[in-house]
């Protein structure tokens, strides 16, 4: 198996089981969207896939090898992780921050290759003109692109991104999703946690739906984003606009509202 | 860790340290020809010049460089690890532990038995403090580390104050007070040999964290995903704590507590090294050495009948730097 595969992953944090035998697979070139309500275990699943959180039960395999058995450096060169925004951006130059993405490769001491990777990441995220700017002076959207550029500079075979478009306007969100699409075409496996179901339906080859620490369904957008699953998992009604696949729109009220109305 | 862009800064700081080293060997009450004294010293001839330089000025200068470098480096490492520009090696409670160990040597009268017992007490206090700290923190993160350090610092300070309170003779209390303020005066090559191994070992351990500190600028999770172990015996946190503790403990054991160097030096140099934690390390070590040699020169210049303690002077230099920062920050937020 060449992909990134989690099998029967169970994780207990502070006495609470936050992942129940979760299984998910990301093939090279595949963009997989991880969706589900807040607290469903999406971020925890991503951290387990990234090797940051070791499962209490089950296993994560990367290109046929168990993740837990790999050296941290080996793992870091194959898997790039983009966490939710939370840390304040250090006031370093944009280019220097993106270059930190090359840290897992530093042992190779290949300066030209590192510089080329940084340039590619800056170009992909449209930050070439801002490379000398202190990162603290960037806008929210530019910072999101910067964080993505850092993750891209790793040039790993798999990218795990946790809510990368959460705070972005539609144009920035589309640009980030288009980057994932290009990565997929280039053979990189991408797992991305999303709350925007329209973007998930439009850009992801496959969706993994989670609730209460369990993977409750996996499949294409048409298979997953049905009235029944939306109602069962999110407790909301969905109204589709346009054709059967894109775009989707979440406009209905929550079930409680509907009950009040009726 | 060393970036080509920092070569001019590193060269300037190194030149400054070298100049201050030569000045501190040449300058003093007795005029000495440095080349002749060094020739005598290397040849093992006990000339007056060789004794003054070899036994008085050289140990003081070596300690100034080593202690300043260790304090500057540990400040940069702590600030990088905790991602807080106000962090300082004193936060870990190790300086407090060293001071308590030394004060107990005074209190029990052991200081009169052998000159070696005072630094040995300081070292023992520092090591005990770091073991307690690591035991308290366990697998906890930076917040637990800070809280445990604060608890240890306060406890050591309270015990030190109690020992001074109950000190049998006022003269001993005065000696302790002066020691706690920090000084490089009258230190010998024995002090150098006591302090240097721990200082070097601690500094080397701290330097191994350089790349991890860069990764930590992006947050704990990114650093871990990049292959850096943060917790555990070989983790970054243990190396930061042990490195700082061994280096600073070894320094405080012979010099007493010298504050503000670890806080101010990285703070001043950070904008010159692109705000990148790893690039800050070597310049901070050199800057710390330079600042302490300058402070020691000022001590010699300003002292009359009563010597000004070097720890007092570094605090007098350091505090206004922070007043300036406060005013600059207030203006930028206005």
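Note: Cβ is positioned from N, Cα and C throughout, glycine not excepted.
Annotation source TrEMBL lists transmembrane segment at B:7-27 (among others). Sequence-distant contacts of the transmembrane segment (B:7-27), counting only residues of its own chain at least 6 positions beyond either end whose CB sits under 8 Å from a CB of the stretch, comprise 34, 53, 57-58, 60-61, 64-65, 269, 272-273, 282-283, 286-287, 289-290, 293-294, 296-297, 300.
Residues 17, 21, 24-25, 87-89, 91-92, 184, 187, 191-192, 195-196, 199-200, 202-203, 206-207, 209, 213, 240, 243-244, 247-248, 250-251, 254-255, 258, 261-266, 269, 277, 280-281, 284-293, 296 of the same chain lie 6 or more positions beyond the ends of the transmembrane segment (B:61-78) yet place their CB under 8 Å from a CB of it. The transmembrane segment annotation in TrEMBL covers B:61-78 (among others).
According to TrEMBL, the transmembrane segment annotation covers B:90-110 (among others).
Among the features that TrEMBL reports, transmembrane segment is placed at B:116-137 (among others). Counting only same-chain residues 6+ beyond the ends of the transmembrane segment (B:116-137), those with a CB under 8 A from a CB of the stretch are 92-102, 104-106, 110, 144-145, 148-149, 151-152, 156, 179, 190-191, 194-195, 198, 237-238, 241-242, 245-246, 248-250, 252-254.
Within the chain, the transmembrane segment (B:144-167) has long-range Cβ neighbours (under 8 A, six or more residues past its boundaries) at 82, 90-93, 95-97, 99-100, 103-104, 106-107, 125, 129, 132-133, 136-138, 173, 176-177, 180, 237, 241. Positions annotated as transmembrane segment by TrEMBL: B:144-167 (among others).
Look at TrEMBL and you will find B:240-268 (among others) tagged as transmembrane segment.
Same-chain residues lying 6+ beyond the ends of the transmembrane segment (B:280-302) with a Cβ under 8 Å from its Cβ atoms: 1-2, 6, 9-10, 13-14, 16-17, 20-21, 23-24, 27-28, 60-61, 64-73, 75-77, 80, 184-185, 203, 206-207, 210, 213, 258, 261-262, 264-266, 268-270, 272-273, 308-310, 313-314, 317. Residues or ranges marked as transmembrane segment by TrEMBL: B:280-302 (among others).
The annotation transmembrane segment is assigned in TrEMBL to B:308-328 (among others).
If you look at the transmembrane segment (B:308-328), the same-chain residues 6 or more away from its ends with a CB under 8 A from one of its CBs are 178, 180-184, 255-261, 263-264, 267-268, 291-292, 295-296, 298-299, 302.
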